[in-house]
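Participant: Questions regarding the structure given below will be posed in turn.
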């Protein structure tokens, strides 16, 4: 096989991407070598099992993917606003919207939120790490290699082009030959291992490792949202795993589960995909709700209104999320009865969601609203999400959905909920907890610029798309060849660039704040308004999190701790702390499985078998691994705490 | 100062949204909101009905939101001590109220949704005073990336264009020779999927003469954007004349010609004086793999479309 058979050739844009990727790679290599940072990279990051560092790596990867997915989006918007340029051809456009969707959901939204959960949840419940720190590192590396595999597809082998839903029979071997679709299958499968493991890991952590006295209904709302999300992950992801495996076997080994030949059932894919896919939507929105609740309560300087109702509404949403999948294909002709049932179950979700919205509004009632950047993102969420929510109900009305389905009305709707919900929450959460992660805040002025650019860009981009949908413009169309659709598409593109600009300002702010922001001296970074345990730790958070874990028997425990002058360092109670050892095994194991996946993508069975064997050997090694971690001596804890607290 | 600045921007959203919305409705004459037949009409009615509820919800939430932001911002001049109650954390009455109201809204939305759903499974009712006509049966078959419309009653078949009589229900029998697609004529009503190995039924009807745009609305690969067709809705007489003309003048659709047309790729409009229906039954288990088995190699070729001829505007 010749190299040009594997590399994607003939596309100037892709050549450009190849060159820039190579340059960045070379630059990184030289920088690491020049500053002698290879050892540091391995010891501090690649082998870490510290939940905070793993969280940071998740968030960095997610930001990188937000960039990649965003560039995909810009390219689509340019093509749709200027159809005469001949910027993208149909094949290229199809690849781009496929990678855009897949990356934004699987490799941006989820890891961003999982990153925040990684860092914050143990701190909120008074835990010193995850229940299974080794497994947590494993999860990250499985996500990382899955992401890497998916992303190299556009320079090696060609990107998948059947949409992020990858409907069969289109995505089967007959109609989508070549490695593109295999990249999708293996990338998702590999990273799916990590997501499922994280779901179990966080669930156990939350259920078993809470601070003494902390009952479930004392937990911070973000932790609650994480727990509910974990249940959804554990029940939903196995469906995806099975579906992906069946389609992989179809494509690579010639079975006929979803094929048109051999009495396959192509429509079964749509069912399996959405049985996972709809709960997946809630996997990325519930933690967002949790973040907004934390931020709004903090900057309203007030207890969250209706805490119990907030929790129960999340549980109800989680249950309902498994009962609505058919609404993604009302038009499959399942009949009036089936569509009626799923129509009503879909609209029912609006009830608990509406209750949450009212609870947030009530939290603002008789409060003292401070307009910080995280608060701006959270406040902007409410009106924006309402627009996405009501159009969601309209889409849920099956008879009307026959007109909305597959149109830009749908596109506008899910971007309104996913951006105003998930992306706003990612920004809000990141800015909010930034001082906990990096020891300094992000610059407020630049933060506001980023916010307003992104916020207005978002509305200008997606609001017109509702009308494009009502005018009959279908999704996934590579060219705007109906004259009436052009003006609104141009407006939409302008908005998209506004969002892009906002993102650039945000990234610049990361650099600017690193250089110029004041370093935090206290742990309670937001003017002493912290309400939950993460703010009780010092900044930077010591690797063992809590020198002494406080006794908690109420919601917002840190409010009272501050009143009573209690801290997480009660010198007389300090005992040696048991911590897990760093290990390179998760990285190596997942590198092997990544290699196996790569082999399967190109159907090079020797490579696949070698990678798989490597993975199995690493698993056997783990089984005979008797490293129980180590104890942090009392002296070291005292020294660290005194230094951090300036005692 | 900063807060005032902020408030103005927030408030600015509401009229901005409305203006955009109204101008959108008024000037663009959006196809879905300009129905040309009873099916689209019933869906339009449902959409407008729901839109009132949605606007109501939006107005209530936006108003409450604006009120909270203005009244309870920290640095509002003239804030009173009583404007702050940090331990306020629940109120059963109001929580029951805002749970029950959405419930009622869901019920109010469900009733017309369900009744419309059941109505759409039947041919549209004739208008008062007119007698019911038997639906005209049209088999709409897709193959990558074209449409075949077979008229068994007239024994004719067209490719990539459709003629229908007005004021008579059309019973589309949808199936696909390969990938999943969907028949959507937004001016006449909502879509349904075409799937190989299956047959779905879709009733539509035009009550105004005219040319409407129809398309495959479900992404199915490279030629997706080109898989469109024009719908010519004309009076019963005109339709019959057209059908007879095709029957008399167009060539027969032979099995060989049909096989040629089934190959993945784009084709022009064509007319035939017979149908393909006896050659292959794409909606049966036996026939669903026909195209994939015969043309597997051709799916490997790429079209790399850069442009497709500009379409006439929606009516």
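Every residue, even glycine, has its Cβ placed from backbone N, Cα and C.
Heads up, here are the entries from TrEMBL:
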TRANSMEM  A:12-35  transmembrane segment
DOMAIN    A:34-553  domain 'Cytochrome oxidase subunit I profile'
TRANSMEM  A:56-76  transmembrane segment
TRANSMEM  A:96-121  transmembrane segment
TRANSMEM  A:133-156  transmembrane segment
TRANSMEM  A:183-209  transmembrane segment
TRANSMEM  A:221-249  transmembrane segment
TRANSMEM  A:269-292  transmembrane segment
TRANSMEM  A:332-355  transmembrane segment
TRANSMEM  A:376-400  transmembrane segment
TRANSMEM  A:412-434  transmembrane segment
TRANSMEM  A:488-511  transmembrane segment
TRANSMEM  A:587-620  transmembrane segment
Participant: Counting a contact as 3 or more Cβ pairs under 8 Å, with residues at least 6 apart in sequence, do the transmembrane segment (A:587-620) and the transmembrane segment (A:133-156) touch?
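Facilitator: With 3 or more qualifying Cβ pairs, these stretches touch.
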Participant: Can you tell me which recorded stretch out of A:12-35, A:56-76, A:96-121, A:221-249, A:412-434 has the most Cβ pairs within less than 8 Å of the transmembrane segment (A:488-511)?
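Facilitator: Checked against A:12-35, A:56-76, A:96-121, A:221-249, A:412-434; highest Cβ contact count belongs to A:56-76.
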Participant: What same-chain residues lie close to the transmembrane segment (A:412-434): Cβ under 8 Å, and 6 or more beyond its ends?
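Facilitator: Distant Cβ neighbours of the transmembrane segment (A:412-434) are 59, 62, 66, 104-105, 109, 112-113, 116, 119-120, 281, 284-285, 287-289, 291-292, 294-295, 298, 373-375, 377-378, 380-381, 384-385, 387-389, 391-392, 395, 440-442, 447, 450-451, 454, 458, 461-463, 465-466, 468-469, 506, 513, 526, 534.
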Participant: Determine which residues of the chain contact the transmembrane segment (A:56-76) at the Cβ level, with the cut-off under 8 Å and only residues 6 or more beyond its ends counted.
Facilitator: 13, 45, 87-88, 93, 96-97, 99-100, 103-104, 107-109, 111-112, 114-116, 118-119, 140, 143-144, 147, 151, 423, 426, 430, 437, 496-497, 499-500, 503, 507
Participant: Under 8 Å between C-beta atoms and at least six residues away from its ends: which parts of the chain pack against the transmembrane segment (A:376-400)?
Facilitator: 288, 291-292, 295-296, 299, 327, 330, 339-340, 342-343, 346-347, 350, 353-354, 357, 360-361, 369, 409-410, 412-417, 419-421, 424-425, 427-428, 431, 448, 451, 455, 458-459, 463, 466
Participant: Could you tell me what the rest of the chain brings near the transmembrane segment (A:12-35), counting residues at least six beyond its ends with Cβ under 8 Å?
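Facilitator: Tertiary neighbours of the transmembrane segment (A:12-35) are 41, 75, 92, 154-155.
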Participant: Given a Cβ distance threshold of under 8 angstroms, which distant residues of the chain, six or more beyond its ends, lie next to the transmembrane segment (A:332-355)?
Facilitator: 267, 270, 306, 309, 312-314, 316-317, 320-321, 323-326, 389, 392-393, 396-399
Participant: Would you kindly list the residues that approach the transmembrane segment (A:221-249) from elsewhere in its chain, counting only those six or more residues past its ends and only Cβ-Cβ distances under 8 Å?
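Facilitator: Long-range Cβ neighbours of the transmembrane segment (A:221-249): 113, 117, 120-121, 124-125, 166, 168, 171-172, 182, 185-186, 188-189, 192, 195-196, 198-200, 202-203, 206-207, 255, 257-258, 269, 272-273, 275-277, 279-280, 282-283, 286-287, 289-291, 293-294, 297, 304, 307, 310-311, 314-315, 317-318, 321-322, 532, 600.
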